[in-house]
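> The structure is given below, and queries will be raised subsequently.
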Amino acid sequence: MDNRGLRLFIVEGKELKGSDNGGSSSDPYVKLKFNGNSFKTETIKNTLSPVWNQSFDIGIINVNDPNAIIEVECLDWDRFGKHDSLGKVQLPIAILREAATFGQTDKWLNLDKKGYVRVGFQFNPPYPLQQHISPDGNPNIIQNQIQQQNLISSNGQLPPPVYYEPIYLKTHPTVLEAEFILPNDLYQKTIYVTGEPVRASLVLYVNQPIVVRSLFVSLKGKTSVCGKKQKELIQDLRNLLHTSIGPSSPNSQNQKVALDIGKHIYPFEFFIPKHCNSSIDGVGNYKVLYRFQFNADIVNLPDIQLEREITVVNIEDTVHRMTQSQIHEKCSKSPLTGGTIEMTITAPKNSYYPGEDIELQVHVNNSSKKKVKKIELELQRTISIQHEKGVPTQVLKVSKNFFPKIQQNQQSTQIVVMETPQTLLNSIYQSGIIKIEYKVRAVLDILDCIDLYTIFPVNIVLPDPKRVILPNPLDELSKIPRYIQDWTPRNLLSWLYFRMNCPEVVTSNPEFYQYCLSGNELLSIPDTILLEKVLKGAGTRTTEIHNAIKIEIDRVLSVRTILKDNQLPHLIQTFENELVTFDLLSSLSSIDLSHLTSTIGDRIRLQNAFEKLKLNN
């Protein structure tokens, strides 16, 4: 049992339902119910966007109790009569507990009727933040930065920059080039979350010794309308040579650094403030774009410039934002011929992510003389940019016939599923800038009568940005080349995940992604790097995984060694083009050798070498 004190803050509301003056305003207040106790805020008059900023001590709570739920209801105050409900929502303590472990202190709650209420929360004792490990294995570097995140929202400043030591691998690149390496982007797009560190690496492949004056990487984010920048969200810069020349050097800006042939890896880290918007591209003329930019000033060689767009998600736009609010929509009509037709639509929640099915239960009760033929459901989207009110457009439409038709004094219940597309835009509200909202229009087709319909809102939210979806193992294994030299970084990842069944190599080692090793690079890097850096996440299986990789490597290097020992290095490329590995040498026939080389002397040398190999085995 984990008992903690909980203090709840009712901060503000937005887009609330209008209950007064023809729906243009309300006098809202919030009422909380928990364990038989009630709490109530002050009433804010004539507004749909109230600011309360009131706090309540909820008491000592068992945070592991799945039945611990706070009822949050927003009501419209009236001098006379009953106070109208503007909407309510169930707030499980478990949601607050999970959010607190990630450093969140507030959430927007979606009311079941219309609008949102923002609540803050504080546990006592507080939850420790989940520890973040830096690429050098030191958790303190990142933890110090997390402790300074509160400075961002209060004074607009970013926390102090964090620098990491560069990594050098003595490989043999063929061209001078650079690329950005993002965590976990081999299987799916990397998604960064606002309010958290943004980590990546810049890899510089050097094919000849060079001297660099500067290596700078920057993170920029902005919103734009009609191609014109409207707001700058973030702009930050890192000098990747900072650690190479020493941060305390008085002339660090003017010093040059020599880089040898090989793969130079520069891990870097930025921080995106919690209030920044989610990435948006292609919503009318409105865009929110984030990108990494890199510039290398190289002596006596052309500069290298590189940029890469990244995807950023504000946690408020994801499934973590919304508590589960039920759909319960009821409407009815009375035909002129008498009786009543009632339709009730229910669902356990009103928030869905793109690609998720919207499953609705439709119940029809017919006490009239009319016949009910079918139900039609239409998902509508309205996009309003700046102060231009958008027009609802149809996103998808489904219909379901009632067999048989619903006659007088009959009722029927049907499950209707709306399959949302994977590319569906999420609901957005940014005051005065953009608003994307969704509604479901349900129409009951009644024979010889005006149709009965109702409209109710739903939210489209982004899925969990940290969800990892692995590809099909059989597909991945079938794509791994027999020859390790031809492996891509993705092939190595699939080999570890699915052939060796050891995902811990990746999931338990935050610096694994930085190396982004191809098979050709595996042939040249030292064993110490493999054991102590790349494979250390395997734990007790490190030696086993290392030996398995060495077997794959030896199948290639042993062939090269034999050819070199017999003064036949010119045949190395031919053998590798034909995928001849060490385990196949003893099986090569004289016909095979004649295909590999047309020189009689070379064939005889090869035959003699292979005979010795058979005798030694």
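Glycine residues also receive a Cβ, built from the backbone N, Cα and C atoms like all the rest.
As annotated in Swiss-Prot:
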DOMAIN    1-109  domain 'C2'
BINDING   Asp20, Asp27, Asp76, Asp78  Ca(2+) 1 binding site
BINDING   Asp20, Asp76, Asp78, Asp84  Ca(2+) 2 binding site
> For the recorded Ca(2+) 2 site, enumerate neighbouring residues of the same chain (Cβ within 8 Å of the Cβ centroid of Asp20, Asp76, Asp78, Asp84, site residues themselves excluded), in sequence order.
Ser19, Ser26, Asp27, Leu75, Trp77, His83
> Sort the residues of the domain 'C2' (1-109) into helix, strand and coil with DSSP and give the three counts.
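Per DSSP, the residues of the domain 'C2' (1-109) fall into 12 helix, 58 strand, 39 coil.
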> Quick one: of the binding-site residues Asp20, Asp27, Asp76, Asp78, which has its CA closest to the CA of Asp84 (Ca(2+) 2 binding site)?
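Nearest listed residue in space: Asp76.
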> Below 8 Å Cβ to Cβ and six or more residues apart, same chain only. Which residues does that give for Asp27 (Ca(2+) 1 binding site)?
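Correct list: Asp20, Thr43, Ile44, Lys45, Asn46, Asp76, Trp77, Asp78.
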> Return the count of C-beta atoms lying within 10 angstroms of the C-beta of Asp76 (Ca(2+) 1 binding site), excluding that atom itself.
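A count of 20.
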> Averaged over the domain 'C2' (1-109), what pLDDT does the predicted model reach?
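On average, pLDDT over the domain 'C2' (1-109) sits at 88.
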